[in-house]
């Protein structure tokens, strides 16, 4: 059966500053934690990325031409404040004013994120989000942006608190590359939620025009054996780590007692430690009802089996299917069920998980006013056809199938009462990916990273028709 989306449903592509802009040393931009981390550990760098810093006019033209009426972008904190605080760099401010003006000229509304994984180097080395003082710096940066860029109508404070903390302190594939530091993970979770809440209250108190929210990466967790109480418990614990701790903190304004007891058990099973949340519930409680939306980034779901052995995580950053492993003592292990497909990077493809997550948000958090799917997409090892002189289209039918299936469950959720207002495909064009460099491609538009030429994909044509008709076919 053909499904449709509401006429006011918005469509666009998503990007992020460090992944798209390139130009990491241009016009006085300060260094971020990733610059040193990549230099010391990898063969790829944050340059050239998609060179959005110089190509944004072309990319926004493509966004408009292929049906996008919104775009997700982020401000590079270190383009505004090269050191994270103190001196403002006028060149960076001017760039974003020009970028937003071009968005307006192209009738593409920007949803602007303040922090998307790119903490300035000095702040990162001085404790990053483990310290309350760095959240002061974040709030001051947010305040500056709210006042400097009144042309922005939609603000996102922080992108994917969970991903930042897990990759920095559990998996170790983000700087500073710690592993199994659950105390640091929970501390970072909490501090970022406090910073987010303070920024929201500041935005509302100052009477800034527009809307503000946060983006959470949410995934649905299922027991591997639905009849096994131990597997059910593992799924519930993983859900606490992936979803409940963060969404409760954001929209309930506190962590329930049973959550804190589970946190203590997880810490005890993994080298102990503790984190400090005293006297800060006032901030997150004050913001819980005044946020305008939540962004949901959805890529995968997980099936969990009980496990109490040694914690071990192997991250698949190469695209060699079947090489990942996640086993966490006191929580559980991820186990692939029969019949569930995965990407080359072992991300489970399960659209029903998005429906289940949307409906849980609707049912469990009635103070969430509306939802945007702020990232959804699939990475492939895309190539341009060999006969590119006559055929410059990337043939990515599997991506169309993936996006179509996820949009269909979004339509189902809307029909069942969920207030989902828009969809951002990750990504507008190919971008640098944090732990895969330039081999994993998501874009509606293929980027030749040597020449910076853009080539459309079949998905781009399909997406254009979708945006024009709102019919999923």
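Cβ atoms here come from the backbone N, Cα and C positions, even for glycine.
These numbers come from a predicted model, not from an experiment.
Of all the Cβ atoms in the protein chains shown, 24 others lie within 10 Å of the Cβ of residue 160 (active site, proton donor). The active site, proton donor annotation in Swiss-Prot covers 160.
For 375, the entry in Swiss-Prot reads active site, nucleophile. Long-range Cβ contacts of residue 375 (active site, nucleophile) within its own chain (separation 6+, distance under 8 Å): 14, 72, 215, 217, 295, 297, 298, 299, 424, 426. In the three-state DSSP scheme, residue 375 (active site, nucleophile) falls into the strand class.
Per Swiss-Prot, D-galactose 6-phosphate binding site is recorded for 19, 116, 159, 160, 297, 433, 434, 440, 442, and the stated evidence type is sequence analysis.
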Which of 434, 442, the listed binding-site residues, has fewest other Cβ atoms within 10 Å
434
Enter the number of other CB atoms within 10 angstroms of the CB of residue 159 (D-galactose 6-phosphate binding site).
25
By a simple count, how many Cβ atoms lie within 10 Å of the Cβ of residue 297 (D-galactose 6-phosphate binding site), its own Cβ left out?
22
Might you list, by sequence position, any residue in that chain lying six or more from residue 19 (D-galactose 6-phosphate binding site) with a Cβ less than 8 Å away from its Cβ?
49, 50, 116, 427, 431, 432, 433, 434
DSSP says residue 159 (D-galactose 6-phosphate binding site), in three-state terms, is strand
